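Annotated features, as they stand in Swiss-Prot:
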ACT_SITE  SER101  active site, phosphoserine intermediate
BINDING   SER101, ASP234, ASP236, ASP238  Mg(2+) binding site
MOD_RES   SER101  phosphoserine
Amino acid sequence: MRRYFGTDGVRGEAGKPPLTPEFVLKLGQAAGAYFLAQEKRPVVLLAKDTRESSDLLEAALAAGLMSQGVRVEHLGVLPTPGVAHLTKALKATAGAVISASHNPYQDNGIKFFGPTGEKLPDGAEEEIERLLLEDHPTRGIGTVGDFREAERMYLDFLLAHAPDLTGLKVGLDLAHGATYRIGPKLFQKAGAEVMAFFNTPDGRNINRGCGSTHPEALSRFVVELGLDLGIAFDGDGDRVQFIDRKGRLFHGDHVLYLAALAFGEKGVVGTVMSNMALEVALKERGLAFHRAAVGDRYVLEKLKETGLALGGEPSGHVIFLRHHTTGDGLLTALLTLKALKALGGDLADWYEALPLYPQVLLNVRVSDKAKVMADPRLGEAVREAEARLGGRGRVNVRPSGTEPVVRVMVEAEEGAEEVARELAERVRALSQEAQAV
């Protein structure tokens, strides 16, 4: 059982337990000891996003790693999937990223990639947590470097997958995050006419009213400025959402459907949050559909288990396994545009080709996720909600892996909003009871 690592590394509010500089130093020592056991002269690539706390946590993590004799190569501000790509391409021992993805600036996190460019498996994270309990005297004097070719190498990798975008008017929402420099460069080099929004990070504005979790402003810009489409990234660039020319959200389920048809896939891996309409549409075309737990690491596991190459989440984490080991917002954007070129039409046409079932997702902030989820009354409430839908919808209640939140999802052709609201109130009441005990 992991205490610190969640579905996407270690997360929390920067400066508060567990994300204090003291803890991050110890985490670096434990990770350094782990990497030293894998390789005689370990090299770790280290990148960050644009949060004001990223420099502090980067320094603490680097110091811990170097105290174990690890060489640390600083990559600067770079999207998370860029670190995954470079870790594999440069044959580094590991990659590490200081980021909390789509979370607000007060939060931050640390995630590691192994030499294959995949996130460390659960067993490796458990071993690092075990090593956290031990003292780690200095085993060597690690060195540090600034790898100035990181952005260029990642850009070259992306451009190798880019279609000709000449004449396309694209609005980019960079979320004041890790894609703020490389995003506009990439689409301009591919030939697009680019309008960049939310591309002036100040350490505190990352994801604030913008990015893939808040695409409303981009939707407005696309319609008002007559753009062909909009593309919104999150703070660390591993997820993406699209806006069609009519201002509608073209999300991960639409992308999976479009890409599956364009690239001749045999099937798709979604998650328990994927819309039922995607499953039905794929099966009508003779394509398999599998559901994984939420989190791109679990999508990747299911892809390997099933032998498929395309998977993702409605939130915009999409894995094209033939091209990358993890979700990559920039790569997904390019391959989605390549799919459109192959099949014809634009995002608006393909939005209408997959009418999604109404889905309501409510986030309920709770005091103790584990207590709420273990309460047998929650299971009863879910069964009651399912009974109300009469077999014509789905209910899913799950804890967030990165926030103190329980997510309530109800999907149905009718009545989803009312059922979701009532179920969310039950979750809130259970949380208040648990807090009072």
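Every residue, even glycine, has its Cβ placed from backbone N, Cα and C.
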Report summary line: Spacing of the two Cα atoms, ASP234 (Mg(2+) binding site) and SER101 (active site, phosphoserine intermediate), in whole angstrom, works out to 6
Query raised in the report: Rounded to a whole number, how many Å is the Cα of ASP238 (Mg(2+) binding site) away from the Cα of SER101 (active site, phosphoserine intermediate)?
Result: 8
Query raised in the report: How many other Cβ atoms sit within 10 Å of the Cβ of SER101 (active site, phosphoserine intermediate)?
Result: 30
Report summary line: For Mg(2+), residues beyond SER101, ASP234, ASP236, ASP238 with C-beta within 8 angstroms of the site's Cβ centre include exactly ASP49, PRO79, THR80, SER99, HIS102, GLY177, ALA178, PHE233, GLY235, GLY237, ARG239, GLY329
Report summary line: If you count the other CB atoms within 10 A of the CB of ASP234 (Mg(2+) binding site), including all protein chains displayed, you should get 33
Requested in this report: Report the same-chain neighbours of ASP236 (Mg(2+) binding site): residues 6+ apart in sequence with Cβ closer than 8 Å to its Cβ, ordered by sequence.
Outcome: ASP49, PRO79, THR80, VAL97, SER99, ALA100, SER101, HIS102, GLY177, ALA178
Query - ASP238 (Mg(2+) binding site): tally of other CB atoms within 10 A of its CB - result: 33
